[in-house]
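Peer 1: According to Swiss-Prot, the protein has these features:
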- 6-26: transmembrane segment (TRANSMEM)
- 62-82: transmembrane segment (TRANSMEM)
- 132-152: transmembrane segment (TRANSMEM)
- 175-195: transmembrane segment (TRANSMEM)
- 253-273: transmembrane segment (TRANSMEM)
- 283-303: transmembrane segment (TRANSMEM)
- 327-347: transmembrane segment (TRANSMEM)
- 356-376: transmembrane segment (TRANSMEM)
- 379-399: transmembrane segment (TRANSMEM)
- 416-436: transmembrane segment (TRANSMEM)
- 483-503: transmembrane segment (TRANSMEM)
- 524-544: transmembrane segment (TRANSMEM)
Amino acid sequence: MVASGFLLIASFMLVLFVLSRPLGGFLARLIEGEPFSALQKVEAGLWRCSGVKNAEMNGWQYALAILCFNLLGIVLLFVLLMTQGSLPLNPEHLPGMSWHLALNTAVSFVTNTNWQAYSGENTLSYLSQMAGLTVQNFLSAATGIAVAFALIRAFARHSATTLGNAWVDLVRITLYVLLPIALIIALIFVSQGVLQNLDDYLHITTLEGVQQTLPMGPVASQEAIKVLGTNGGGFFGANSAHPFENPTAFSNFVQMLAIFLIPCALCFAFGQVVGDNRQGHALIWAMSLIFIVAVVVVMYAELAGNPHLSPLGADSNSNMEGKESRFGILATSLYAVVTTAASCGAVNAMHDSFTALGGMIPLWLMQIGEVVFGGVGSGLYGMLLFVLLTVFIAGLMIGRTPEYLGKKIDVFDMKMTALAILVTPTIVLLGTALALCTEAGRAGILNPGAHGFSEVLYALSSAANNNGSAFAGLSVNTPFYNLLLAAAMFIGRFGVILPVLAIASSLVAKKRQPAGNGTLPTGGLLFIGLLIGTVLLVGALTFIPALALGPVAEHLQVWLAH
């Protein structure tokens, strides 16, 4: 079993690097604005039809365009979800959502969180799934990548004022990257048995004579961008544990690769655009080391099982509760770490049924900001925030002004870095405290003790860090949780994006200084170790007290009692 686990991890990482390296080169061309002659006429037609000027924008113009674009998306999706009962492509005649659930869902999908306080097959029409959620899966992913593009340009350029054009970036990312790759992935899923139709639901009689309804729908097309764009929202309530959504071990492996594909490729693109591939490789090494350790810990915890099952005559050698037998513990553990290291949130098992230690690692990966590969775009700019913090700390230790890639890191940059890093932990801890201190918040907790606390902490961590997965034992389809989590998702998304673009606006105007004798090398093993240490230190200082009250206490209760 140990050998199988390491073989699975090694094969996954190998295939990931083989696929992401050439994609990184393609993304680098997009970042640098190299024209694609075959598609220039298509682009020109789009600009004429939309009336958009493709002149470059400064930092605040870029930020305003991104913010307005996403606010408009929230409004349009909210209206669609509220009125779906009166719209076509609704074979089950499902009514519109309540206003607070519609608001929560609209904010969720526009912010790339895909938190779902509902079950898709019982709540949403085909039109809402296709024109609402799937469209936002593309656009929210494009938003994150566009912000990463702007920050990469800020490091690559010097003595400049512009970061690119937000509209051009959004269109090119969608047309040249997301749509073609999503089409390929969707066809792979269809070949594996994932549904793709607009048929009415099937009403059948089982062998036992019981009536059963089988949901249908355009699943594969939504599933492809769900994983590629690190969105995570499932067509069905069971998400990727549902056999109509993720039927085979191969489709499961493809989903995991798709989740990490663009985040890993962006690291390669970063190194290429700034003119030093070692910079991108250093980020990949730091991310990979944290990721591999996290996977090993989860596999170990789930294989250890629950010792209290043995006296009951059950097999306690491994924890198969909440898992699909077609995937097994190893692939399920890997999927759980992939989806929470990235800001995806798709699940092929119930995280609420993991062991205390096995559930703590996905929770912690979200809490450190999902910078271990992370979401499309957000993972890279999140890790670059930790890079700036690392060079600042290193500069303090040696008594030099911190710099990165020849750019001096000044007071404004560090203020924005601190704001971006601290905004999500603040939301998580304050939101958890609010839920536990109010009757409406406590009413949703279905499990007592440490695990009930972990469910609330997980929900806020998932929402604020735009992940979307859940410990499903928490009842969240209430006005209190829908509004609280909607606020957490919105602030967690744009409370990081706006400071990142402010940093980009500051860096792009600076001159590039030649490296001196006292310059900290940022492409070697020493810096990789410092970066990992900084990520772990910030995560430890921020969340150890909360984790001690939840999963740590639960783990000790289980094993010390045994």
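Cβ from N, Cα, C; glycine included.
Owing to the predicted nature of the structure, the values given are computational and were not obtained by experimental measurement.
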Peer 1: So what's near the transmembrane segment (327-347) in sequence-distant terms, Cβ-Cβ under 8 Å and 6+ beyond its ends?
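Peer 2: Distant contacts of the transmembrane segment (327-347): 1, 4-5, 8-9, 12, 112-115, 226-227, 230-234, 239-241, 249, 252-253, 255-256, 259-260, 263, 287, 290-291, 294-295, 298-299, 302-303, 318-320, 354, 358, 361-363, 365-366, 370, 372-375, 378-379, 462, 465-469.
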Peer 1: With Cβ distances under 8 Å as the criterion, find the stretch in 253-273, 483-503, 524-544 that has the most pairs with the transmembrane segment (379-399).
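Peer 2: Top-ranked stretch among 253-273, 483-503, 524-544: 524-544.
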Peer 1: Could you name the stretch, out of 62-82, 253-273, 283-303, with the greatest number of CB pairs under 8 A to the transmembrane segment (483-503)?
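Peer 2: Highest pair count goes to 62-82.
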Peer 1: If you count Cβ pairs under 8 Å, which stretch among 6-26, 253-273, 283-303, 416-436, 524-544 touches the transmembrane segment (356-376) the most?
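Peer 2: When the Cβ pairs under 8 Å are tallied, 283-303 comes out ahead.
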Peer 1: How about the transmembrane segment (132-152) and the transmembrane segment (524-544): do they have 3 or more C-beta pairs under 8 A, pairs 6 or more apart in sequence?
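Peer 2: No, the transmembrane segment (132-152) does not contact the transmembrane segment (524-544).
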Peer 1: By a Cβ-Cβ criterion of under 8 Å, what residues six or more beyond either terminus of the transmembrane segment (253-273) are in contact with it?
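Peer 2: For the transmembrane segment (253-273), the far contacts come to 12, 15-17, 19-21, 23-28, 31-32, 141, 145, 148, 152-153, 155-156, 177, 181, 185, 188-189, 223-224, 227-230, 240, 246, 279-281, 283-284, 287, 331, 334-335, 338-339, 342, 344, 346, 348, 373-377, 379-380.
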Peer 1: Should the transmembrane segment (283-303) and the transmembrane segment (524-544) be scored as in contact, given a threshold of at least 3 Cβ pairs under 8 Å and pairs 6 or more apart?
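Peer 2: Yes, the transmembrane segment (283-303) and the transmembrane segment (524-544) are in contact.
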Peer 1: Six or more residues out from either end of the transmembrane segment (524-544), which same-chain residues have a Cβ under 8 Å from its Cβ atoms?
Peer 2: 278, 282-283, 285-286, 289-290, 364, 367-368, 371, 383, 386-387, 389-390, 393-394, 421, 425, 428-429
